[in-house]
Amino acid sequence: TAPPLPSSFMAPPRLIHSAPGLLDTCSQIPPPPSPPPPAVAAKMSGPTTDTPAAIQICRIMRPDDANVAGNVHGGTILKMIEEAGVIISTRHCNSQNGERCVAALARVERTDFLSPMCIGEVAHVSAEITYTSKHSVEVQVHVLSENILTGTKKLTNKATLWYVPLSLKNVDKVLEVPPIVYLRQEQEEEGRKRYEAQKLERMETKWRNGDIVQPILNPEPNTVSYSQSSLIHLVGPSDCTLHGFVHGGVTMKLMDEVAGIVAARHCKTNIVTASVDAINFHDKIRKGCVITISGRMTFTSNKSMEIEVLVDADPVVDNSQKRYRAASAFFTYVSLNQEGKPLPVPQLVPETEDEKKRFEEGKGRYLQMKAKRQGHTEPQP
């Protein structure tokens, strides 16, 4: 009989956070700090040591995660980002005694793809709660890729997500969020400004909810109609949470696939996701719905393409509800040659007044982001 293992081998890991389908390659989170004195703990209303304010999930990138260019599919990374966000926000929203809930994704702020991730590398997705309002949670996520042969790590993505807690008894009921404790007063003030800004932007996107992508016969090359594409998907159990609603990450991955098709049709080359502008989730998508993900080109610069993606849900098994707009976003893609170098993009030719208006709006977003990057002093990886 083998001798008993030392007690150090028997000790369970402190905190390992994963999600369904992730391989057991998770790295351990540093041990939580010592609990505060009772007098201090009584005043704390944020997460306790049992509900950490930061988590990390990891998994190795497999061949079925690859895009056509051989790198990890942008939609796969978006899905992992959302998985980390929903874990930490749901845990926090259930950290106090009260009605149980599940966190639903409401919005994803602009997400930049700073560096490509390769097959065989390990993705480290770290999520942290940075602000809470009465009914929402802000989660900031960083993605690192690790070459396990050399140990080299690089930052590939940064994202900010907003979640709202929905009651398990009534998914149309939004519950209150337990507040967190801020180390500095400035953190709360900065978070409140971000909250008000995203709330205003969400309201501004609602006017687009009646907009529909219509197919055109025999379109000319380089026009909006030539590259616009749609994907129809029946929502099944594997797409949904335990409560019968589509995972936000599943929706984002489908949106990225459609945007990629539009970009490839327009420039006829390899393409990669460069960034995702704010993704707004306007309504929940239930199991059994048929969703239509539509994409169309809105703007081109010399080396980038902006694609608007709209998600419409049709509850075919429920005659009482009509087709509705579930989500919308703008994706930015770049064209690459066989060596992975940027290529010039064929210029978009808007034809109708609506297309010309969307082109000017896209140009405004492009110039605004370009100015913001030029004024950004933090070194990029």
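Backbone N, Cα and C define each Cβ position, glycine as well.
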Could you tell me which of the ranges 21-48, 217-244 is annotated in TrEMBL as region 'Disordered'?
21-48
Could you tally the C-beta atoms, other than its own, that fall within 10 angstroms of the C-beta of ASP256 (active site)?
28
Summarise the model confidence on the domain 'HotDog ACOT-type' (51-169) as a single mean pLDDT, whole number.
92
Taking the Cβ of ASN67 (active site) as centre, how many other Cβ atoms lie within 10 Å?
19
Distance [Cα-Cα, Å, rounded] between ASP256 (active site) and ASN67 (active site):
11
